[in-house]
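Notes to accompany the following structure.
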Amino acid sequence: MDPFDNHSTERANLPRNMIENSMFEEEPDVVDLAKDSSAFPTFPALDPDEAVYEPRSSRLLVRGLGENDLDEDEEDCESSARLLGMSFMNRSSAHRSNSSPYTRQAPPRSCPRPSARTMVVCVLFLVIVCSMTMTGCRKPNKTSPMETIFPLSTSGELFPWVEYRLPHSISPLSYDLTLNPNLNNMTFTGRSVINMSVLHNTKRIVLHSANLNITKATFKLGDEAARDVTVLEYKPRQQIAVNFLEELKAGQYCVLTLDYSANLSHTYDGFYNSSYTDKDGKKRVLAATQFEPLYARKAFPCFDEPSFKATFLIKISRKPDYMTLSNMPKAKTTQLPNGLMEDEFERTTFNMSTYLVAFIVGDFTSISQNVSDTLVSVYSVPEKKEHTDYALDAGVKLLEFYNNFCEINYPFKKLDLVAIPDFLAGAMENWGLITFRETSLLVGKQSSPLEKQVVASVIAHELAHQWFGNLVTMRWWNDLWLNEGFATYMQYYSLQTVLPNLEIGNLFLAVRFRALDKDALNSSHAVSTEVNSPSQVEEMFDSVSYEKGASILLMLNASLPGEHQFRKGIIQYLKQFSGSNADTNDLWNSLTEVISPQHQNVSEMMRSWTSQKGFPLVTVSRQGDQVTLTQEHFLLTSDYATHTSSLWNIPVTYVNDNCSVAPECRQVFNLMTNLSLWFWVNWYICVCFYIVHYGDEGWTALGDALSENVNVLTPEDRASLIHNIFALSRLGRVSFLQVNNLLNYISNETDTSPVTEALLQLSNIYQLLCKRQEHSLVARMKNYIMHHFGSLMEKQTWGEEESVSNQELRSVLLETACHLKEGNCTQQAKALFKSYVESNGTLRIPGDLQQAVFNVAAQSNEDWETLRDLYSHVTFDAEKRKMLRGLASTQDAWRIVWILHAGLKGDVIQTQELPLVISTVCSGFTGYLFVWDFIQENWDSLIEKFPVGSFAIQSIIKSATSQFSTQAHLDQVTSFFSGLKERGSQMRSVQEALETIRLNQRWMDKNLVVLQNWL
Ligand SMILES: [Zn+2]
């Protein structure tokens, strides 16, 4: 999935996250079996291989009993247990918080080492590989006495399962799903016929179901006649179960048929209703699905975990004037007696995970083209058909690319790409039926290359998933990066090959910088990390799984001799696990098998990057002819302390000032004989996922070298230097004066990546100063920015521009200039807006300039009203979103209040756009305090629209708090979120917000005086 609603660098800051509302809908009922077991004499025993049994040697705590005498630790432990939906806990347990005693999979942990640093000395060759690896450090399995206490199902009977994960005694083989949606009253009925095989003897079947009213259930064992059975439901874990008096035996086959009814979801997940207004002003309704990660169970009862793969045959009824789509091609249509039509789709030819099932009922039109044996179609609502050509062209090219690259053809006869008018995520890779936000798929006739870049990126990402995720699926959500890291890596890789004119490299570099920024916080997590609750599953959809996952693949590829080895390893992995599931070790083993034995052990190297959070800081120091590299965890903490002893196996490459730009410079090189005044340690084209500190002398030498000649390093390397020195300043390792020394060269800089990175970093500081009301420093910072970038800003033109990187450069420069109210910029923007309005739709503002122009327009009363009018009429979504951001950039308090409430209400402004509105409002001085009040006052409405933990909520929290830098704001934020309890206090993004405020506070304390003296 692409959970992000656009492909700006913001995405690294927009994790999908934690705790699901449904977890708290109902308090778990618990019963102490030790007391009440006589009441349930026939209750089936748990299968020995499925549950944790511990000797009954200690007192059990049952919720509601004996809570008053808990000590502090136990209270913490109990509240954690409640968060996990656990119905029991043990008072003597040493485990706390999220270490559920039900853990099935424990990923490798980082090994504490006695020394935080290690050295690699005497750099003789180009590639220096540190030899430290993280191996064999699993802690001894501590067990503590406990006893299983079964929860009560909704009917009052005991529910026969206590774990979050389903038992593995039953495996689904196929589903026959019949769905009857009613778009008039927004309900549906369904039937799920599940063929299963029994893997281990058992007396129960446990599966998932959420918000479904099961009206009838029958069970059939082998050739026996079908019989009615009772279904038990345990809502807090969204599980249902059927108990049997006789054991089902391993090797037997059985069929469970469940009839049910439900409401179409009014949020953006499950089988949900959606609507839009057509060109005649008429409201049109449709129903679509979004199942990843845990929502298939809201549409049909199923084994809703990625490793329970099965085939699916889907039938959907509809009114004659609607159409339906699903994963597979339509097999037939039947007229039903009630006047409806029923579409039946072919059975899937591959086993697939439930989260990849999809179906849509609506009114769409399409265009199509054949690629090999696959019909690729792009669907949109009828009036937007003219915007689908680009997506079809890009989709066809990319499908051909992946067919060749993977050496496995896309397995289905059709592939649909559908633009859904009301869709929260960016896109979802459902097998054969990829769903998109309209802005992620539709491109206007005159769209700029930058807009095309966004659409092509999302398509490339979702198509990559058809192999990485759909064909080979992670075994469990702890390895989500196998889906998302690969899809992200392949999205950039494929576009560089298939559509090089889109110049995607700058974007990949920028998102890696943002991933580093986030991974530097203590609230980050390992790429492959333990996941034992819905909240933890949600939490995995973040920049660590996506961008860090992609970055370490890029780093691995670059460290291997020749690109073919990496590809060979990937193909081996895909072929070996085609149609099934894999984990991180499976990937590394496949790569190790293929890569020549004389090369490093891939598993050994890569485990240090996937099993521990964060990344290393590599410090370079030199004495005479000897270079020393040391590594430590780059961890941002408000007290400057480094708390971990993590080590990484780091591939290092360097160049020197004699040869630094061409690729061959980065091959074998002898430092002893080529000692230079400065040198640069990095991966070729900055494929590193670490930060390098060159020491005072090193930074000075680099700054001097760049001042003399910008081109001694590649633009990517220069951007990395800028990113690194700002990160080191935040860490407290370099003073801001050193940052300034490096930036002295920037007036000579004209390349997109370094300029963009420098402007981003400086504008972050500008925003902090602004929000601290340091008016004098704000004015001086503006002068500083204009002094360094003014001449480059002036050189920018206002006509059409073809090159993507020039567009990127121009848009960032002009948006900054206009934001700083630079006279020429605002005049040009006003004039362009005036011509645009007067032309009545015939004149078009170049796509990359629209944002700057709309932002300027929104600052005047009259033009803001004009812009609002245009917003309500324009149909092309990319332009519409830029107008919305313009409207939200107003500094007028009443308008800010209006736009926030309009976004929440969802009529004039779609609710899916509220996170964008909030982040834009926060960038202005007037708006950001309003937003904090707005969020506190409307928290309950917000989490009704966007589930607690969703990426939308994450984005909102980040926007609202990331510019605070005072103790008063820290106290306010702490107090508000801690008061929310289960309504959001446990989210990782809350920890991230608090850490960020403390870091801002620390940076301000340290640097305000420096800035006063220096600016
Ligand atoms: Zn994805």
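Every residue, even glycine, has its Cβ placed from backbone N, Cα and C.
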Practice prompt. Among Glu438, Glu484, indicate the single residue that TrEMBL lists for the Zn(2+) site containing His461, His465.
Written response: Glu484
Fill in: Long-range Cβ environment of His465 (Zn(2+) binding site), under 8 Å and at least 6 residues apart
Met1, Glu429, Asn483, Ala487
Worksheet entry | Which same-chain residues, if any, lie at least 6 apart from His461 (Zn(2+) binding site) yet have Cβ under 8 Å of it | Asp2, Ala427, Glu429, Ala487, Thr488, Met490, Gln491
Response to the item:
Per DSSP (helix/strand/coil reduction), His465 (Zn(2+) binding site) sits in helix
Discussion item. I need the neighbours of the Zn(2+) site defined by His461, His465, Glu484. Which other residues of that chain put their C-beta within 8 angstroms of the C-beta centroid, in sequence order?
Written reply: Met1, Asp2, Glu429, Glu462, Ala464, Phe468, Gly469, Asn483, Phe486, Ala487, Thr488, Met490, Gln491, Tyr546
Worksheet item: Among all the protein chains here, how many other CB atoms are within 10 A of the CB of Glu484 (Zn(2+) binding site)?
Response: 30
Practice prompt. Indicate whether Glu484 (Zn(2+) binding site) is helix, strand or coil by DSSP.
Written response: helix
